[in-house]
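Taken straight from TrEMBL:
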type	residues	note
TRANSMEM	16-41	transmembrane segment
TRANSMEM	53-72	transmembrane segment
TRANSMEM	79-100	transmembrane segment
TRANSMEM	106-125	transmembrane segment
TRANSMEM	137-158	transmembrane segment
TRANSMEM	164-181	transmembrane segment
TRANSMEM	209-233	transmembrane segment
TRANSMEM	239-261	transmembrane segment
TRANSMEM	268-288	transmembrane segment
TRANSMEM	294-319	transmembrane segment
TRANSMEM	326-353	transmembrane segment
TRANSMEM	359-380	transmembrane segment
DOMAIN	416-481	domain 'HTH luxR-type'
Amino acid sequence: MGTASRSDENRGNRQLVLASTGFSLLYAVCVSFFYFTPLAARPDFSAQAFDNVLNPAMFLTGVALALLVKHVPAKRQAIIPAIGYLSLAAAVALLFAAGVAQSSPLSLAAAVLAGAGMSLAAPFYFASLADFGTRSIALVCGIMSLAGMALDMAWALLPPMALLALQLAALVASALCLVQLSREGSPERDRSDDPKTDGLARRDLLNTFLVPGLGTFALSIVYGIIDAAAAGAAASPDAAWAISKVGGIVAAVAFTLYFAVGRQSSTTLLFNVVFGALATGILFLPFLPGNYTVALNIFAATGWKLVMLSLFYLVVITYAHDRTRLLAAIALAYVLPRLGLFIGLNIALVLHIDAGADFVRTTAVAFFLLYLILMVVWLVNAHERRRALGEAQAARERLDRFAHSQEDFHRARCTELAAEHGLTNRETDILLLLAQGRDAQFVSDALYLSRNTVKSYQKSIYAKLGVHSKQEIIELVVPSL
C-alpha cells in the first residue's frame, strides 16, 4: 500500500515537472511573438501592423477551436496541438527569414501562423492540468508565466541564428513533454466514466465568463490604451516592451504567492483590488507628466497579466471534470484578452493617444477608462451578490426538504407503532410530538389540551408501548439514533 502511494506521488511530481517545463518553453516562444523579439530592433518594423494580424489570428482560431473541438473524437484530438506546434515552428522560421530579408509580408505571414499555432497548442497544456490539485494548477500557471517571460528576456540578447535554434528546440521539447503527459495520464482519477457533454454548461459559463471573462476583456482594452500611450512616452519601443515584461514577471510572482501559497484565495477579491488600484491611478493620468504614463503602464501590465492568469486558473478548476468543456472554455479564455488588447491598441491609434496628446483628449480617455473599470467592478460585485443569495436560498431549500423528510419519516413510524399497539388518533398525535422531543407544555399548547390531559395520554402511551420515558420513545421511533 505504501509502495503504491509513493509510486503515485512520484508520478504526480514527475507530471508536475513535465507540465511546468513544457508549458514554460511553449509560452517563452509565444512571448517572443507578443513582443516581436527577433524584429524589435529593426527600424522599419511596424509593431502595430504585426499586432493587428497576430491578435485577430489568435482570436479567430481560438473561437474555431472552442466551437469545433466537441466534434473531434478524443482519440484524434492530439492532431490539434500537433498542427499548432507545426504552425509555431513555421512562424519562428518565417520571422527569422523576415529579419534577414527585411520583409514585412513575411513577418505578417509569421504573425498569422503564430496566432493560429498558439491558440491550437496552449489549450491542451491547460487541459493537461485538469487532474492536478488546485495549488498545483496555480503553481504551473505561475511558473509558466514567470519562466516564459524570463526566457524571452534572455533570448533577446542572442544573435538571430542562435535564437532560431533555441526556439525550435524549445518547441520540440515542449511538444515531447505534452506527449509524455498524455501517455502517462493521471495518477489521481480515471476519466473513462466522466459524463460526455456537448457544450459549456450555462451556469458554469456565466460564472466563469460573465464576470471574470468580461472583466479580463475590459481590462485588456484599458491596458491596450495605456500601453499605447506609454509606448509614446517611453525612451524607446524596447523600453516600453521591457516595462511590460517586468510587469508580467511581477504578476507571475504575485499570482503564485496568492493562489499557490495563500489560503482561501478569491478571484473576486483579486479583481476588485486590481481594478480599484488601476482606477485610482488613471485619475491622475491627465495631470501628471509623460513619465507617469510609463509608471502606470507597469501597474497596468501587472494587473492585466494577473487577472488573465486568474481567468485561466478559474477556467481549469471549473471545467476540470470534463475535458471537452475544458478545451472549449480555455480556448475562449486564452484568446479573449488578445481581442481586448487589439481593440484597446486601435482605439489609442484612432484617437492619437500618445505622449503628445492634449489635456482634453487625455482627460476624455481617462474618464472613459474609469467608467469602463467602474462598470466592471459593479458587475463583479452585483453578480457575486446574486450568486451568494442564490446559494443561500438553495441551502434553505435543502434544509427545508430535509426537515420535511424527517417529519414524514417520524409520522410514518408513529403511525406504524400506533397500528401495532392500538393507539387512538389523539395518542398518535401526541406520540409524534413526543418523538420529536417535545415536552408536555409544548404538546398542550400545540393540541389545545390541558397539561393534566396530556400527562394522562402520555401515561397511556407509555403503557401501550412498554416504555418508561420520552427518550425511549425517541429511540423507538428512530432506532438508528
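Cβ from N, Cα, C; glycine included.
Curation plays no part in TrEMBL annotations; they are all automatic predictions.
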Result, the transmembrane segment (164-181) in contact with the transmembrane segment (326-353) (3+ CB pairs under 8 Å): no
Cβ-Cβ under 8 Å with the transmembrane segment (79-100): same-chain residues at least 6 beyond its ends: 29-30, 32-33, 38-39, 42, 65, 69, 72, 106-107, 109-114, 116-122, 124, 160-161, 163-164, 167-168, 171, 174-175, 178
Segment confidence, the domain 'HTH luxR-type' (416-481), expressed as mean pLDDT: 82
Leading contact stretch, 16-41, 53-72, 106-125, 137-158 vs the transmembrane segment (164-181) - CB distance under 8 Å: 16-41
Cβ-Cβ under 8 Å with the transmembrane segment (16-41): same-chain residues at least 6 beyond its ends: 47, 50, 54, 88, 91-92, 95-96, 98-99, 107, 110-111, 114-115, 118, 121-122, 125, 128-129, 132, 136, 139-140, 143-145, 147-149, 151-152, 155-156, 160, 163-164, 167, 170-171, 173-178, 180-181, 237-238, 241, 244-245, 248
Three-state composition of the domain 'HTH luxR-type' (416-481), taking helix and strand from DSSP: 48 helix, 0 strand, 18 coil
